[in-house]
């Protein structure tokens, strides 16, 4: 919801929490930072004679959404959608209607929730199925800060990159999002939320226990009829969920698995990858999607797993193979997507596993002999991971380009980078542009690599201790077009 629908005339001094309604905006205290960012009230419930407000911090990722009490609301100034301000007490109706502008879409009404009406059951399933009918494709905006000058440079001539020595600082090409707007802040979600049903905007799981970790979910997930529990217990091997720790212990004594079902196609050290067919391993795939939805805002599909393959990464020890993350891909993709959804579970993030998942997806593309790209939109963390992988992979290829006989400088084309990395040409060009490595100088486009960039690349390569070893991959590409209905 854009700020232009909230005007000064709709702002008012509010001295009573009774005047706070669903859909209004006001400053809310963020405990971790101590700041008071503007937030939207999504839903209001009453428990033990105390009102609780589910709020979304404007321009921040939805995983920060939370329930707050009135002590964290700044009631001195409240913003109402145009035409809906009233100094009288609220009537309990749904979110006030916003005024449509030429470039805005109407938001759905917030659900009328109460403590006796939890967001579970058939209403959730119906909402999710309605959401599936809408398109999942969104425009992919990406931007990245540039590096300072002191450049090695490359000249683009008929698609060829040519190293040509040292130059002064050229004027950088300015990067904007596709709609020409300014760069969004890194703390915010980088993709639009235009097709959400209101009921899916509210977190419904308080805590999960997976193996030795207790994890607080980030987003809504359609676990049916168990959302009232304080904690959901999930078997880390088959991903079935149980209501209590005792039930999980009984299940583990009977569970036949100590690894994901499917074929182990890669193992090096303690890292393994298992390939699962969404049709043959439907129950596991559905449970995996439910788990992933807790940490992926834009994941929508969870019950129709037949068209997908799932690649689950695990760490193994003497107790079994413990899930670290996964990615899925369509068996047949008309747009050359090599990843549909990708996730590293929170306990394993910031350890290089996300890059390993991405690298493995491109290693499969190399075996298939085709270029690939992730399905858009990516989550904000996924987008940062892909940007980092693309950047360092492309720079590594450029820096290590050999000097052929009879040439004074190394030369390489965009197509040759595609062939070596299997990164799609559009992603390569986008990465070079987003990093502002493509510059216009003396009537021609050049690619510039700063000394700082080369140094940061060297340090990043030293830190990337875990890498995919192609020799450990035992896998052959399948032609699903010849297999009929998979």
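Just so it is clear, glycine is given a Cβ too, placed from its N, Cα and C backbone atoms.
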Region 'Disordered' per TrEMBL - which of 86-117, 118-149, 214-245: 86-117
Region 'Disordered' according to TrEMBL, located in which of 150-170, 171-191, 192-212: 171-191
Overall pLDDT for the domain 'MYST-type HAT' (200-477), taken as the rounded mean: 89
Other C-beta atoms that fall within 10 angstroms of the C-beta of residue 375 (active site, proton donor/acceptor): 20
